[in-house]
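J.: I have a structure I would like to understand better, so I am pasting it below and will then ask my questions one at a time.
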Amino acid sequence: MKERAAASDIRVLILAGGMSYEHEISLKSGRRAADALQRQGMACDVRDLDGELLPALQEFPPDVVLPLVHGQPGEDGSLQAVLELIGLPIVGTGSTGARRAWNKITAKDLLRTAGIPTPDWTSMPRQAFSDFGARKLLDRIAAKMGLPLIVKPNSGGSGLGVHAVRKEDDFPSAMMGCFSYSDTALIETFVEGRDIAVGVVDIGEGPTALPPVEIAPLHGDYDYAARYNPGATRWTVPAALSEPVAARVAELALKTHRTLGLGDMSRVDLMVDDAGGIQVLEANVAPGTTETSLLPMAIDAAGLDFGEVLATMVRRAIARS
Ligand SMILES: Nc1ncnc2c1ncn2[C@@H]1O[C@H](COP(=O)(O)OP(=O)(O)O)[C@@H](O)[C@H]1O
Ligand SMILES: [Mg+2]
């Protein structure tokens, strides 16, 4: 029988920081995960991405890498592709799944094909606005899809560049705001409902949905400030959902995780309306693990220990390799 390595013999490298707008949040996620793994007895370093990373990984390879870089290149699959090239075990999703989830339009195409409900949408690259004339294009979209709409960067996170369009006059500025984060805008039908997030973890028995978390910003939208300022948002876990709706939410989160080919852990964002209708918005492969992040909250609510869950994923990633 293969001997199980003592925790102290396992060297984990957490990659956190990165070059996106979510740099600080990622660092916080990285430090929190490192503390939790160290309490499990594992040797753990946190390192940012830079030009020295590749030679350092080749010269002193850790046993396993936990990428917690939010945004690009941590969530778009490129960091995972580099780690795969070096042959290092990764905790989390590989490059293919990360690429699918990062591109919200690709993800929505896959979800719809799989029969998973997601709001109606159209996409528009920045270039199309100069090619066809912005005003004419926006008028057409508003006439075809109806208002309200939501405009968001095709690739992004933390609610950055996300704007609701309730009247046509709001449309141009929403598009401009979006294009400062991504060259392609995803324009979706606005869903009146509650924000629900479901963590999915795989600690040996296949992907499992954690208790759903309801997110209620106390003022305005669930934007960057609401996410990271203590006291700006009320989280309820488990979310107050009827039993059948909660079961369906869990089922759709798991189906989303599987359809996109995600691994170890993800967070699926959904909207639930008053009639219990559910729409999947997106999935995240590097969910935040800060003090106010939803995944650790959901792990706790499931009666699990965040450090033990991470340590199990670390061991499983090593065993997979
Ligand atoms: N179609 C929609 N209808 C209503 N609100 C939405 C819609 N899409 C996004 N939102 C709101 O914007 C937030 C961020 O959207 P999301 O697609 O999860 O992008 P990200 O979290 O990557 O910025 C959601 O949590 C929700 O509050
Ligand atoms: Mg989201």
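Just so it is clear, glycine is given a Cβ too, placed from its N, Cα and C backbone atoms.
Keep in mind the model is a prediction, meaning the values are calculated, not measured.
Positions annotated as active site by TrEMBL: GLU22, SER158, SER293. Marked as domain 'ATP-grasp' by TrEMBL: 108-315. Positions annotated as Mg(2+) 1 binding site by TrEMBL: ASP269, GLU282. According to TrEMBL, the feature Mg(2+) 2 binding site maps to GLU282, ASN284.
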J.: GLU22, SER158, ASP269, GLU282, SER293: which of these recorded positions put a Cβ within less than 6 Å of any ligand 2 atom?
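T.: Only ASP269, GLU282 qualify.
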J.: Quick check on the recorded positions GLU22, ASP269, GLU282: which one has the highest count of other Cβ atoms within 10 Å of its Cβ?
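T.: Counting Cβ neighbours within 10 Å, the top one is GLU22.
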J.: So which of GLU22, ASN284, SER293, listed as recorded positions, have a Cβ under 6 Å from an atom of ligand 1?
T.: none
J.: On the three-state reduction of DSSP, what should I expect for SER158 (active site)?
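T.: The three-state answer is coil.
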J.: Compute the C-alpha separation of GLU22 (active site) from SER293 (active site), stating it in Å without decimals.
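T.: On Cα coordinates alone, these residues lie 13 Å apart.
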J.: Quick check for the class: what is the C-alpha distance, in angstrom and rounded, between ASN284 (Mg(2+) 2 binding site) and ASP269 (Mg(2+) 1 binding site)?
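T.: Rounded to a whole number, the Cα-Cα distance is 8 Å.
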J.: Let me know how many other Cβ atoms fall within 10 Å of the Cβ of SER293 (active site).
T.: 22
J.: Measuring Cα to Cα, how many angstrom lie between GLU282 (Mg(2+) 1 binding site) and SER158 (active site)?
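T.: Taking the Cα atoms only, GLU282 (Mg(2+) 1 binding site) lies 12 Å from SER158 (active site).
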J.: Fill in the CA-CA distance, SER158 (active site) to ASP269 (Mg(2+) 1 binding site), as an integer in Å.
T.: 11
J.: For the domain 'ATP-grasp' (108-315), would you mind checking the mean pLDDT of the predicted model?
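T.: Over the domain 'ATP-grasp' (108-315), the predicted model scores a mean pLDDT of 94.
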